[in-house]
Amino acid sequence: MSIGLTEFVTNKLAAEHPQVIPISVFIAILCLCLVIGHLLEENRWVNESITAILVGAASGTVILLISKGKSSHILVFDEELFFIYLLPPIIFNAGFQVKKKKFFHNFLTIMSFGVIGVFISTVIISFGTWWLFPKLGFKGLSARDYLAIGTIFSSTDTVCTLQILHQDETPLLYSLVFGEGVVNDATSVVLFNAVQKIQFESLTGWTALQVFGNFLYLFSTSTLLGIGVGLITSFVLKTLYFGRHSTTRELAIMVLMAYLSYMLAELFSLSGILTVFFCGVLMSHYASYNVTESSRITSRHVFAMLSFIAETFIFLYVGTDALDFTKWKTSSLSFGGTLGVSGVITALVLLGRAAFVFPLSVLTNFMNRHTERNESITFKHQVIIWWAGLMRGAVSIALAFKQFTYSGVTLDPVNAAMVTNTTIVVLFTTLVFGFLTKPLVNYLLPQDASHNTGNRGKRTEPGSPKEDATLPLLSFDESASTNFNRAKDSISLLMEQPVYTIHRYWRKFDDTYMRPIFGGPRRENQPEC
């Protein structure tokens, strides 16, 4: 009697609220994943993303058995869900929590890895798949598909490595891996969108320039939009001072304006990732000093919590999607063909990553040879940077679904094959490379070496000229010759130490003009960030 009543209530609830049961189940599994991840915190081989994937795969297996092989999914994947609801908190938190001093000290290196590196990787993967796929009997992809594949598999997921590295012990390495991860994702999505605008029916010699032009337009306008929203938020919080009456309001303003920046970028067909990242950086630099101490602490925990839940949610879905038999049956490839295509993609990912990490690292060391900062990228660091970018994650999955499915569903055998191969590559790189990350980092950077590296990273810059950061760039109270000599010395310094010089003059401009308007303590009172 009780069983019949329970079944009746369950069926009635499912009929009236069809999303209640799957959402409840997924949230319960999400909680289970958090508990298991906590228990495995000290495990040498497993990290949070691997835990989420394994729990997702186990959940998918149970659902597959309960549904008698019909489905392994709790929820149906929708790339709009990913791009609109899950990705913004992850990217914003990355910008909000970034150690700005190290990030901008290494800005040129990070941008070279995250932008130039993506272009190099995309070219290698696109042409490699175009050449090798037909040799494996996998045909039917268009030129747009091959270019999209290059951008899809150029997007990295550095979460596994960042969970192992410590930014206080290896500040340079952590800054490069973290910064490149964010810029890489943004560049991959921007380049993916630029590829979609190519008119392949009328290709000319200007097509490559058009793609590059579209990329520059999206990159620059998205960045400016994020900076603009961040500055507006900071100005509003400083001027109105919501904390006088309600700390809840000022926290709500920060959350809503951050999300608004992303939605505005999507509305204007820009890159929401870049916009919300730089909005987070600007809010952290200015807005967080215009709120009460309690709101400042709460905001950091809230943004970190939302990011953590979104990341876990995504990896859980990747685990359940691996058992989607519908796509496996629809795929045009046999089991051996699938392994061959996945192997080719993985090999090209390894090659494409190595093709820019090591040469650009050598170039960076050469350009910084006069800085006397003792922060050259050693060969061991280069290996870790290369390894950190081998794992593929949520952005690759979302872009693959966007390119090869319609609302997560495809009946085309070639498209289904690409979705399944993307899932395989993401699972393989995350699980296998993720399992090996901790032993590799511990081998290359023993604990005593890590501490020494950290101490080097905390040293001051002995060769850097000392100058009062509060002095104006030019003074009308001094003679023309004094100003001229100062400008000449500054130009010489710019040629020898470009990054340091730009950073020093930015600090002057920031203290003199920006902070009085948008908030934040004076430089001498600001803790290192």
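Cβ atoms are placed via backbone N, Cα and C, with glycine included.
Positions annotated as N-linked glycosylation site by Swiss-Prot: Asn374.
Beyond its flanks by at least six residues, the intramembrane segment (74-94) meets 22-23, 25-26, 29, 59, 63, 178, 181-182, 185-186, 258-259, 262-263, 266, 272-273, 276-277, 279-280, 303-304, 306-307, 309-311, 313-314, 317, 320-321, 394-395, 397-398, 401-402, 405, 407-408 of its own chain at Cβ-Cβ distances under 8 Å. The intramembrane segment feature in Swiss-Prot is assigned to 74-94.
Mean model confidence of the topological domain 'Cytoplasmic' (1-19) amounts to 55 (pLDDT, 0 to 100 scale). Taken from Swiss-Prot, the feature topological domain 'Cytoplasmic' covers 1-19 (among others).
Residues or ranges marked as topological domain 'Vacuolar' in Swiss-Prot (evidence: sequence analysis): 41-45 (among others).
Under the heading topological domain 'Cytoplasmic', Swiss-Prot lists 67-73 (among others).
The topological domain 'Cytoplasmic' annotation in Swiss-Prot covers 95-112 (among others).
Residues or ranges marked as topological domain 'Cytoplasmic' by Swiss-Prot: 193-214 (among others). Secondary structure of the topological domain 'Cytoplasmic' (193-214), assigned with DSSP and counted as helix (H, G, I), strand (E, B) and coil, comes to 15 helix, 0 strand, 7 coil.
Per Swiss-Prot, topological domain 'Vacuolar' is recorded for 236-250 (among others), and the stated evidence type is sequence analysis. Note: the topological domain 'Vacuolar' (236-250) comprises 12 helix, 0 strand, 3 coil (DSSP; helix = H, G, I, strand = E, B).
For the topological domain 'Cytoplasmic' (268-273), the DSSP counts in helix, strand and coil order read 2 helix, 0 strand, 4 coil. Taken from Swiss-Prot, the feature topological domain 'Cytoplasmic' applies to 268-273 (among others).
Look at Swiss-Prot and you will find 292-301 (among others) tagged as topological domain 'Vacuolar'.
Sequence-distant contacts of the topological domain 'Cytoplasmic' (323-342) (same chain, at least 6 residues past either end, Cβ-Cβ under 8 Å): 57, 60-61, 64, 69, 71-73, 133, 136-138, 140, 410-414, 416-417, 419-421, 423-425, 428. Swiss-Prot lists 323-342 (among others) with the feature topological domain 'Cytoplasmic', giving sequence analysis as the kind of evidence.
Marked as topological domain 'Vacuolar' by Swiss-Prot: 364-380 (among others).
Under the heading topological domain 'Cytoplasmic', Swiss-Prot lists 402-415 (among others), citing sequence analysis as support.
Sequence annotations record features per position, and here Swiss-Prot assigns topological domain 'Vacuolar' to 437-529 (among others).
What Swiss-Prot lists as transmembrane segment is 20-40 (among others).
The transmembrane segment feature in Swiss-Prot is assigned to 46-66 (among others).
Sequence-distant contacts of the transmembrane segment (416-436) (same chain, six or more residues past either end, CB-CB distance under 8 Å): 45-47, 49-50, 53-54, 138, 141, 145, 149, 152-153, 157, 160, 315, 318-319, 321-322, 324, 327-328, 330-333, 338, 341-342, 345-346, 349, 387, 390-393, 396-397, 400-401, 403-405, 410.
The transmembrane segment (215-235) makes contact with the transmembrane segment (274-291), as judged by at least three Cβ pairs under 8 Å among residues 6 or more apart in sequence. By the Cβ criterion (under 8 Å, sequence separation of 6 or more), the transmembrane segment (20-40) is in contact with the transmembrane segment (302-322), since 3+ such pairs are found. Across 46-66, 113-133, 172-192, 274-291, 302-322, stretch 172-192 shows the highest tally of CB pairs under 8 A with the transmembrane segment (381-401).
Residues 26, 29-30, 33-34, 37, 48-49, 52-60, 63, 72-75, 77, 82, 85-87, 89-90, 92-94, 96-97, 159, 251, 255, 280, 393-394, 397, 423-424, 426-427, 430 of the same chain, all 6+ positions outside the transmembrane segment (302-322), place their C-beta atoms under 8 angstroms from a C-beta of that stretch. Residues 286-287, 290-292, 294-295, 298, 517-519 of the same chain sit 6 or more residues outside the topological domain 'Vacuolar' (236-250) yet have a Cβ under 8 Å from a Cβ within it. Between the transmembrane segment (343-363) and the stretches 113-133, 172-192, 274-291, Cβ pairs under 8 Å are most numerous for 113-133.
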